[in-house]
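**Student:** The structure follows.
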């Protein structure tokens, strides 16, 4: 928001405070002033001159030789290259010795043999940005009104002896998107009164209903619509002081009618739109949602396709404006306009925001509607605009306002106690001090025994709860005056929760095992969201995703780890071992908070042991991945309760995948990627695992039992059992352990064989069995008896026979 210091002074007394001092006070109150800029930029010696004569330069086709009266004894000759310079004009002249922006000094000179004693200036040469210069003067010099006094200070007449404060407003302070709103803020800071502009309208004897009617078919989008008719207007330039204020605020002047609507926008923060009444094509205004397939050509001459999500102003048949955003070319004010319909409305933020997004049209008006205006001042702004059009466009205001409204002013009442204010701020303010601050803010209130009941003005949409009032009191009291105190509390050393400590042990173990930690996106694409997931649910979609690739929340960590492995392999890093600890997100139904579960996942591809001087290279395989997990389970005393069960999972190799169960509950899986998936990610043989980390770390560990060092020798027997190919080694091992109790202490698989020496559909599993009794030395007969019992048990359960 650009705020003219001189213009602001019309609403609040700024005596005794400079623009820079005011900027500092505003910043201290919580609204940042990014810069203070002097519009005159140090210029001096620029006066209003009268072009007495203007003739072609004898030696240059594009130059003019002008005789200019500067209000001095004799007129001076000035050579000018502007295409629009002409006899009789009042122009800005930089005299010899004048200083223009950039410390450019004007000197007497000869141009193509003719003497030039000064410079006739364009607005750009006086420091005005091209984008705000009126179009008729964009490529030439500026021409003053005919009543401008010769020899007067041109900078003063152009309103450039002013300073502009640029406010950086947070979204909650939409009230300061107007000069009056800023005036209320400054008045509160300085403890002064606000002087509001007069909006008295002189009406004729006619009534507006003879000209037009209004019907709103979408009151939820447009709670308030009002309008006035001004007839017999004469389109022309607006007064110079108004043009100067518009340009200082970054708005290009057009004509008196359009400039007045923009002036009210800046003054009240209320967007207005002026229609050429005779071009509306009917005597009614209908506000409704657009119909599918409708189009409108807006003021920028672009045809825009409309949908049912857009709000339009129509003449009962076709759109004449995209509500709150831009008017239509079919009803714009032109040089021959004589009757104007002024629209003042309150459009709700969502419908305006949708139109801005769909059409890429953001304007000063739409910005204010998006952030919220004060509907209580809508008709006041309309009256002010009608009064100005009567004064500066020669218009005749038709009696009455046409209106359609369902808006009702809801008074926001907030109660807060003095004790609460002082308790939050750490101050010792009195009731009188708080009352003075609320009075400066112009918040109506009552006070009863230290309890303040505040009726929040409609302009302050950001005030709703007691904390908002406390913040306002703190701002005006002065943040720099709040006492600085150290917290009064017992200092205690920090620490980790048991769960956090376990998670840290997991990281240390995996990194010690040779894996590197990865951190990947929580967002993924819909087609990858449920791949590899332990549990699946309807993917949770973002309301406004940046792209489809990052539009839903993940349900597994593996897809992004595979992308990381593929990324590394594409850059010649063939051996990859990564793990990630992160959250996955599962929908629990509509209006229910989604579940956020922590997972541990890993990916292994390439060599596990590479370039070992003492041994051969070893590729990552199923047993490497399983061994890493076994070590993790053993770390937390869970190994005895873990079971690996063959499983078939989508995207994994059907014969090299196992589900992992803890106490009968599946908590994860480990396996090789399906060859098709390996090809999809451009990976060689790759192994992955994923665990429900929360279940793992919350599981109760087995108590560690002391066993003395063996005093007696153990006996080791090896057996090779021929079984069907579908028999699981784990199941066979468990049967051996059960049948061999209590003497069989350890069973380990050391060989698997399939080949020509075995019948079709058979395989050989070789186990090593260790027999031991802590109380005595076992005899061969005792071991043989138990060994026979083991063989009988596996034969009965699995049809296993000793391999010959």
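Note that Cβ sites are derived from N, Cα and C of the backbone, with glycine treated the same way.
What Swiss-Prot shows for this protein is this:
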type	residues	note
DOMAIN	40-155	domain 'tRNA-binding'
DOMAIN	409-484	domain 'B5'
BINDING	462, 468, 471, 472	Mg(2+) binding site
DOMAIN	710-803	domain 'FDX-ACB'
**Student:** Across the domain 'tRNA-binding' (40-155), what does the pLDDT come to on average, as a whole number?
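**Tutor:** So the average pLDDT across the domain 'tRNA-binding' (40-155) works out to 94.
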**Student:** For the binding-site residues 468, 472, work out the Cβ neighbour count at 10 Å and name the residue with the minimum.
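**Tutor:** Comparing Cβ neighbour counts within 10 Å for the binding-site residues 468, 472 gives 468.
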**Student:** Would you list the other residues of this chain near Mg(2+) - those whose C-beta lies within 8 angstroms of the C-beta centroid of 462, 468, 471, 472 - in sequence order?
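**Tutor:** Close Cβ neighbours, site residues excluded: 460, 463, 467, 469, 470, 475.
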**Student:** May I ask you to report the DSSP-based helix, strand or coil state of residue 462 (Mg(2+) binding site)?
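**Tutor:** DSSP call for residue 462 (Mg(2+) binding site): coil, neither helix nor strand.
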**Student:** Within 10 Å of the Cβ of residue 471 (Mg(2+) binding site), how many other Cβ atoms are there?
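**Tutor:** Total other Cβ atoms inside 10 Å, all chains included: 16.
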